[in-house]
Amino acid sequence: PCALLQTRMQSLQPDPKAQYRSVYEALKKIVLTEGLWRPLRGINVTVLGAGPAHAMYFACYEKMKKSLSDTLQQGGNSHLANGIAGSVATLLHDAVMNPAEVVKQRMQMFNSPYKSVLSCVRTVQRTEGFGAFYRSYTTQLTMNVPFQAIHFITYEFMQEHINPHREYNPRSHIASGAVAGAVAAAATTPLDVCKTLLNTQENTALSSLNISGHLSGMVNAFRTVYRLGGLRGFFRGVQARVIYQMPSTAIAWSVYEFFKYFLTKHKLEKRT
């Protein structure tokens, strides 16, 4: 639901029926006017892409973090290594998730013409070509590379202070993940607003500036956002984004740390 609220609240020229002053008001209005299940629209395509994307993401992160930490700060925890490993892992993650994100956000827009994931994929492919699924990829990377660098550095920093022995401690993993997600989400909101504009190709916003065709490129997206909303426009939906990312990153880290602990323990027991 928070993902849909974030997409709606980042709209630069929203329909009068889809103008919201707060996250609570947005959720209430959507449920009352569009139905109880509307906030979950597009969740199936996200679930489909999330499995393989996160598997590659954490596998790459763990491998690179270990290799770089040994090189940069042997036997210690290098924040630079954590940031680089998170950034490289993002390249693989976003290659899988970017098309899913395009479909999800188009289905979440107010009065979306798409009835299902399949119809959205077919229509976009037919009218805009395969490139439409990766139109925001460079912006996504430009956003997610600093997001993940901040995210991983903050998580590892928090763990150093509240779980210095790096034991399996669910509460410390949840707290560190939530704080890391909130800090990274707030810092990269301007880039996320630009990505949403590129993904949705918001017709009302583009028409108001007499922009014909499809908007492409991060620089064009930045200019368009600034022309429509000024500096404040870059922080549209920041509350929804932070609220969305905090539980998301907290759950991701707690699940990851659990399976890491479980598999490591099982491996040690087999050796014994």
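Placement of Cβ uses the backbone N, Cα and C atoms for every residue, glycine included.
What TrEMBL records for this protein:
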- 1-67: repeat 'Solcar' (REPEAT)
- 77-161: repeat 'Solcar' (REPEAT)
- 168-262: repeat 'Solcar' (REPEAT)
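Residue counts for the repeat 'Solcar' (168-262) under DSSP, helix first, then strand, then coil, are 77 helix, 0 strand, 18 coil. Taking H, G and I as helix, E and B as strand and the rest as coil, DSSP gives the repeat 'Solcar' (77-161) the counts 72 helix, 0 strand, 13 coil. The average pLDDT the prediction assigns to the repeat 'Solcar' (168-262) is 86.
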